[in-house]
Each structure stands twice: as C-alpha cells, then as structure tokens.
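Feature list (source: TrEMBL):
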ACT_SITE  Glu90  active site, proton acceptor
DOMAIN    96-326  domain 'Radical SAM core'
BINDING   Cys110, Cys114, Cys117  [4Fe-4S] cluster binding site
BINDING   Gly157, Glu158, Ser189, Ser212, Leu213, His214, Asn288  S-adenosyl-L-methionine binding site
ACT_SITE  Cys331  active site, S-methylcysteine intermediate
Amino acid sequence: MENILDFSLKELKQWMKNNGESEFRAKQIMDWIYKGVWQFDLMSNIPKSLKEKLNRDFSIYLPNIIDVFESKKDNTKKLLLALKDNNLIECVIMNYNYGKSICISTQVGCRMGCKFCASTVGGMIRNLSPGEMISEILVAQKVIDHRISNIVLMGSGEPFDNYDNVVKFLEIVNADYGLNIGQRHITLSTCGIVPKIEELAKEKMQITLAISLHASNDLNRQKIMPIANKYSIKEIISACRDYIDQTGRRVTFEYALVKGVNDSVEDAIELSDLLKGLLCHVNLIPVNEIKEKIYKKSSEDNINKFKEVLSKRGIETTVRKEMGSDIDAACGQLRRSYIEKTQISEEGC
Ligand code: SAH
C-alpha cells in the first residue's frame, strides 16, 4: 500500500491512466486531500469504483499525535508525532505577525554529529519520505485549525542528506494543487554539504538557503561540526556565491553563539571578513543548552557585542528570538527526552 501523500499530481495522473481512469480525477483527489479530507470514501465527486481502487492501492498516511506541548511564553506549539513504524519525530508551530510558521523534521535523527545538537544523539535512523514531511504540516494545520504559510526545514535531520525526497516535498508544498506555499516562504537549513548546495542552485527555486556556519574558521568549525572536516568554509561560501548568482536570493548564515567557543570579538571580526560583499544576512542564535552536551550559552553582553561588530562592519545581523524555550523547542530535544522517559531504545522506536 502506497502513501498517496508521496505522489505528485503528475504521478497520480499516470496512476489514473494505468488504471483505466480519467486523468482529471487526480486533481480532484489532490483537492480533497489538501483541503483536509483524508478518507477516499468521503470524496463526494469520486465514483464508487474509483474509490474502491484507491482504497485497494493507497493509504493517506498521517502520523499519530503522541503529545502537544504549548509554550506559556509565546504560544509556540511542539508536536511529538509517531510514524507508521513507530519512529518518533517532532515539529514546532510558531506564531508570527505575518502568519503561522512550521519547523519540520526531514529525517528521524541525524548523522551529521554537530556537537551542540540533540538531534544527533543516537544517530540517524532513517530518511523521511516527501509525504511524511507533508503530513507534519497537514497534522499541524488540523491541531491549530489554521493555515500554515511558512516552512523552515530546521527540525531534526540534514535536508541535503535526504536530497531527492526534500526536493520532491518542496515541489508538492509549493504547487497550487498542493499546499500552495510560496517558495519565498520556505527556508532550507543545511550544515553545508557543498555539492548539494550546487545542485539546489540549479533547481532555480526561490527558497531561502540558510547555512549553519557556527564558526569563523575551519579549525574552530571542525571542533563542533564534523562536516567541517569534509568541506571548508571557503568552499561553502563559494557555493553560496553561486547560489546567489543563480537565484538572486539572499543567503542566511546561522551562527549559534557558544560561550568561550566561538563568541569572541575576534571571531566576529573574522566572520565579517568572510562575508564581506556577499548578499547575505547573519542570524545569531543563543545556543540552546541541552543536557547531553556541555556547551553553554553566551552571555547577553557577548551576544550584543558580537552583533555590534558585525553590524558596524556592514553585515546585516539579527539575534534570533528564542521561541518555546520552556518546552524543549530546539530540534531533537523533545524526542530525546521522550525516548528517555519511556525507556524506548533507539532501535525499538
Ligand atoms: N541539519 C540542518 C538543519 C537542522 S538544525 C542544519 O544543520 O542546518 C537547524 C539549526 O539549529 C541549525 O543551524 C543547527 O545548527 C541549530 N542547532 C542545533 N542544535 C542547536 C542548539 N542546541 N542550540 C542552537 N541551535 C542549534
């Protein structure tokens, strides 16, 4: 049985053809699904004979909601979801004045091994399919009873380690038959897998590319991000330059400030030299302290100084507002604490 959420309109039309049905039925079914009707039997304009075939070949697979956590501070909601194979993932719904934004997971766990990140504890279990990523949004919209207009791929997982599924997901959420979310309302965050940045540039999408830089030189980066042993900052910036040329889009650099590791004035100067002249924006993130890791958050004073150095040197910089800090909203934290609480082993969930 296939998950119909994994299908693009083109693929569903092909299925119709192969099964002796009219192609226009594909669009009707997509309309129902993305309107929130998730049983073929409830699709009133679909003939009974086709419903039978659909029930035979497809499921509309949605994850089970294990828990919903709501921040008392800012109304951020975090969902803990169980997939068909009982693997757990999480997504976060945030309220902004421009609308509702969702942070989704792209993999169960992550194998990138960043030293400050909870998603990597326990490694990578498996990739999510395009439909599983879509279902995070569908379920979230049902929970809040509101349309989600913005997506960030910043939950658990490395999107470029699951490239084909992520690109297909982006196509479906952007399509007018799908969720119809504009590409400019989508941000993909990567730890910097250079060949995939180059590949995405060729797709000529208008999404925002965010690079998790977190250090101003390779030596420091290697201490906190194993991927830095494979690709240098120079290679990353060159790939970003190409991405900007191909798409005209401004790139975001994420920089999690860790006390005593990457938050000195010298680091800020080095970072500003790296990014000089590039169409970019720096997002400073006070590191979220997680209990499995020793890293501590920079002081507010240091964060402000760091920002000031960058701004004075012409680099547009913002400090990320912490959302849902009272509900373990940083990626991977919720899943970890649930696994520990319920004593489910990584293999077993
Ligand atoms: N793998 C992708 C996307 C997932 S992580 C990436 O590396 O970009 C999303 C962002 O959260 C990344 O910038 C990541 O480095 C950051 N992050 C992870 N753990 C964090 C923590 N404990 N505190 C602050 N930011 C964190």
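Think of each number as a place in line: the chain as shown, counted from 1.
Every residue gets a Cβ built from N, Cα and C, even glycine.
A map of TrEMBL features onto the structure.
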{"residue": "Cys114", "record": "[4Fe-4S] cluster binding site", "Cβ contacts under 8 Å, 6 or more apart": "Thr120, Cys191, Ser212, His214, Ile224, Met225, Pro226, Ile227"}
{"residue": "Gly157", "record": "S-adenosyl-L-methionine binding site", "Cβ contacts under 8 Å, 6 or more apart": "Ser105, Thr106, Gln107, Val108, Gly109, Cys110, Ser119, Met124, Asn127, Leu128"}
{"residue": "Glu158", "record": "S-adenosyl-L-methionine binding site", "Cβ contacts under 8 Å, 6 or more apart": "Thr106, Gln107, Cys110, Arg111, Met112, Thr190, Cys191, Ile193"}
{"residue": "Ser189", "record": "S-adenosyl-L-methionine binding site", "Cβ contacts under 8 Å, 6 or more apart": "Val152, Leu153, Met154, Pro159, Ala210, Ile211, Ser212, Glu254"}
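Note on Leu213 (S-adenosyl-L-methionine binding site): other Cβ atoms within 10 Å of its Cβ, all shown chains, come to 26. Rounded to the nearest whole angstrom, the C-alpha distance between the residue listed as 'active site, proton acceptor' and Cys117 ([4Fe-4S] cluster binding site) is 14. Counting every protein chain shown, the number of other Cβ atoms lying within 10 Å of the Cβ of Asn288 (S-adenosyl-L-methionine binding site) is 19.
Close to ligand 1, meaning a Cβ under 6 Å from one of its atoms, are these of the recorded positions Glu90, Glu158, Leu213: Glu158. Taking only the Cα positions, the spacing between Cys117 ([4Fe-4S] cluster binding site) and Asn288 (S-adenosyl-L-methionine binding site) is 9 angstrom.
Here the Cβ of Cys110 ([4Fe-4S] cluster binding site) has 26 other Cβ atoms within 10 Å, regardless of which shown protein chain they belong to.
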